[in-house]
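As written in Swiss-Prot, here are the features:
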BINDING   H15, D164, A165, K166, R230, F231, D239, R245, K246, A262, K266  ATP binding site
BINDING   D17  Mg(2+) binding site
BINDING   E43  K(+) binding site
BINDING   E56, Q99, D239, K270  L-methionine binding site
REGION    99-109  region 'Flexible loop'
Amino acid sequence: MTTTVFTSESVSEGHPDKIADQISDAMLDAIMKQDPKARVACETFVKTGMVMLGGEITTSAWVDQEELVRQVVNDIGYNHGDLGFDGETCAVLSSIGKQSPEIAQGVDEYEDHEQGAGDQGLMFGYASNETDVLMPAPIYFAHRLMEKQAELRKAGKLDWLRPDAKSQVTLRYEDGQPVAVDAVVLSTQHSPEVDNKDLHEAVMEEIIKPVLPEGWLHSGTQYHINPTGRFVIGGPVGDAGLTGRKIIVDTYGGMARHGGGAFSGKDPSKVDRSAAYAGRYVAKNIVAAGLADKCEIQVSYAIGVAAPTSISIETFGTEKVAVSLIEKLVREHFDLRPKGLIAMLDLYRPIYQKTASYGHFGRELPEFTWEKTDKAAALRADAGL
């Protein structure tokens, strides 16, 4: 028996970097509601009392940027001055230009030119059969802890909870499958009056125990709840936030490789985002079809060129048929050209703000078409299984 451990982390929607991601994707959604094929690359910076937007946007849409920013910040929970960051009073600055025409000429579709990739780059997709949603278990449970913290905070059940929080989960694996929780770290911002003992007890009983599988918790499990002692100063007061700084939280928690490109604030012509979503779709269908227990796909592109420059499959020795056959089936069943994958996943929709917290993958919402396993039956049949 082979025993290993693996750790992944998540952060809450009130974490400064996630505030930035949500604002960037809210801008994208607001534009796509009016102009689905707009070119959007929206970056956000947040710090005490300030939100700054930047990037390149080419669109016919008009969006009240200030109103949108304030709405997002307030909805997250930064809605009064005691938190040091308030959607009603923060400054909103903007420095947004248009997409370079040199980029546009390679990406736009016109006579004798198919839509090309918005940039060069490499993207990965991953799936594993260790959870029902075919995600790595450490990141899956780290996200669920953060969702639970937000649920309790917004419901007022633990009225001392504040928006900023982080989680980290270390799981023990035996022969490639998770069997136990070896460590949990949960840090949550709180109001100053709460007693440390009460906080520890509430986090354990109301957040950790309801989320993590009871059979995985054991006498040796380490619990680190607000290990610095106090966490009153948080959000953009404690740390600056920037779009695209939580790319491992957004994906597979480090269990799979990452091409380096962030997602939030980018329209589907940017393969950093759309091809990573397509990669998840491919990998999940391969695992759902039973062709492998684990699957990682890499795709790469050249700017302005439609066809991927490479497609490769890694199954970590868990394949049930030849990897060469899996690669052949991927090419036959999935159109990974920019235009093809956008159509395949119906990505010209204002669905992106929902992706910007608690993970882009592993949440089977109707809008998240890349989580469907509708290709699994055909893949399995064509593989002869």
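The backbone N, Cα and C atoms fix where each Cβ goes, and this holds for glycine too.
Under DSSP, the residue listed as 'K(+) binding site' is assigned to a strand (E or B) in the three-state scheme.
In sequence order, A20, S24, L53, G54, G55, L242, T243, G244, G265 constitute the residues six or more apart from E43 (K(+) binding site) in its chain with CB-CB distances below 8 Å.
The secondary structure of Q99 (L-methionine binding site), as reduced to three states from DSSP, is coil rather than helix or strand.
All protein chains included, H15 (ATP binding site) registers 28 other Cβ atoms within 10 Å of its own Cβ.
Taking Cα separation as the measure, K270 (L-methionine binding site) is nearest to K246 of the binding-site residues H15, A165, R230, K246. The Cβ neighbour count for E56 (L-methionine binding site), using a 10 Å radius and every protein chain shown, is 15. The binding-site residues shown are D17, E56, Q99; of these, the one with its CA atom nearest the CA of K246 (ATP binding site) is D17.
Residues belonging to the region 'Flexible loop' (99-109) score a mean pLDDT of 62 in the model.
Cα proximity to D17 (Mg(2+) binding site) (within 10 Å) is found for the following binding-site residues from Q99, A165, D239, K266: D239. The sparsest Cβ neighbourhood within 10 Å, among the listed binding-site residues (R230, K246, K266, K270), is found at R230. Within its own chain, D239 (ATP binding site) has P16 as residues 6 or more apart in sequence whose C-beta sits under 8 angstroms from its own.
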